[in-house]
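Colleague: Please read through the structure below; I'll follow up with questions.
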Amino acid sequence: MSAFYRFALLSRVCNFKTETGLIHVGSMAVNPGRLSLTCRRCLSGSAVDGPARVKRVSIEGNIAVGKSTFARLLQSACPDWEVMAEPVSKWQNIESGTKKGKDDAPQTTVSNLLQMMYQDPKRWSYTFQTYSCMSRLRTQLQPPPARLLSSEGTPVQVYERSVYSDRYIFALNMFELDCINPTEWTVYQDWHSLLVEQFGHQVELEGIIYLRAPPEKCMERLVHRGRSEEEGVKLDYLEKLHVQHEKWLVEKSTELHFEKLKQIPVLQLDASVEFQSDPDVREQFITKVTNFFSAL
Ligand SMILES: Nc1ncnc2c1ncn2[C@@H]1O[C@H](COP(=O)(O)OP(=O)(O)OP(=O)(O)O)[C@@H](O)[C@H]1O
Ligand SMILES: Nc1nc(=O)c2ncn([C@H]3C[C@H](O)[C@@H](CO)O3)c2[nH]1
């Protein structure tokens, strides 16, 4: 595809305006902070139909595949898109403050549940999944910002992972690895189903973006990122998570328990390509995402 055609295509769906007023798609993420993006009608508009319903989409993918990086790209590309980050820092800093010291002064302990889970998965996986799922639920229940509610385009709330990957990727994987025992797995599934059914439409998604890359590439990025809790993560673990993603989102062989989830459209993107230094690749990604959102 020629550069001109790409430019024309992207300009049709989403006009990016620089500070100078020039439409300048190619430099979009080179320096996103400098951009003022205007694409109120970048998605099939509902301006004439009254307030738009906010669509909800999750970004799924293996550890270190690039979800946060991709999410930042989306956030800078269109004001109608609101990205909700995975609450990792909450899992790393759990404050418990009930114990009293000798002098009766209240004491606060901070624990890192992410680290505890990686260091002793048999002991902590169930606890981790209860907390990760609860924090994802809280994120998915947050109302959209006013900016999205008053949008004349098609506003989209984008979540980094979801209550569904919590169950069908991670908790399932931990069960299969024997880090969650059969009783814990039954209990987890029971409350997970109850919560998702009770919250109904509030936690439903309209679409999923699957960032796909070979586990070896994710391992490379994980090592490069150097998050201390992940020091002991082996390629074998990423391979298992890759298989879980493939079964759920590509082969569709994972047993699902929610009707809407069985029909959900999935946009698959090749995340093994380097887009941070390549504006053409970024443009292609944004175009695909824009078209995907407009079709939901
Ligand atoms: N397309 C890319 N090309 C090259 N490097 C990338 C790309 N995307 C992300 N990275 C790098 O890979 C590392 C992991 O990226 P990131 O933190 O976005 O992953 P993630 O999927 O959000 O991770 P997690 O599963 O832990 O939430 C970072 O160092 C990031 O700079
Ligand atoms: N066991 C387990 N269950 C989850 O639901 C889950 N979600 C994320 N993670 C790990 C992956 C990254 O190291 C880090 C940030 O994504 O947290 C999880 N680990």
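Heads up, the Cβ atoms here are built off N, Cα and C, so glycines get one too.
Just lifted these from TrEMBL, have a look:
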DOMAIN    57-292  domain 'Deoxynucleoside kinase'
BINDING   Gly61, Asn62, Ile63, Ala64, Val65, Gly66, Lys67, Ser68, Thr69, Arg221, Leu222, Val223, His224, Arg225  ATP binding site
BINDING   Glu86, Tyr118, Gln129, Arg161, Asp166, Glu230  substrate binding site
ACT_SITE  Glu160  active site, proton acceptor
Colleague: So among Ile63, Thr69, His224, all listed as binding-site residues, which is physically nearest to Arg161 (substrate binding site)? Use the C-alpha atoms.
Modeller: Ile63
Colleague: Quick check on the binding-site residues: of Glu86, Glu230, whose CB has the lowest count of neighbouring CB atoms inside 10 Å?
Modeller: Glu230
Colleague: By a 10 A CB contact count over all chains shown, which of the binding-site residues listed here is most packed: Lys67, His224?
Modeller: Lys67
Colleague: Pick out which of the binding-site residues Ile63, Val65 has the most other Cβ atoms within 10 Å of its own Cβ.
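Modeller: Within the set of binding-site residues, the most crowded position is Val65.
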Colleague: Taking Cα-Cα distance, which of the binding-site residues Glu86, Tyr118, Glu230 are within 10 Å of Leu222 (ATP binding site)?
Modeller: Glu230
Colleague: Can you give the largest Cα to Cα distance in Å, as a whole number, for the residues Glu86, Tyr118, Gln129, Arg161, Asp166, Glu230 that bind substrate in the record?
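Modeller: Taking every pair of listed residues, the largest Cα separation comes to 19 Å.
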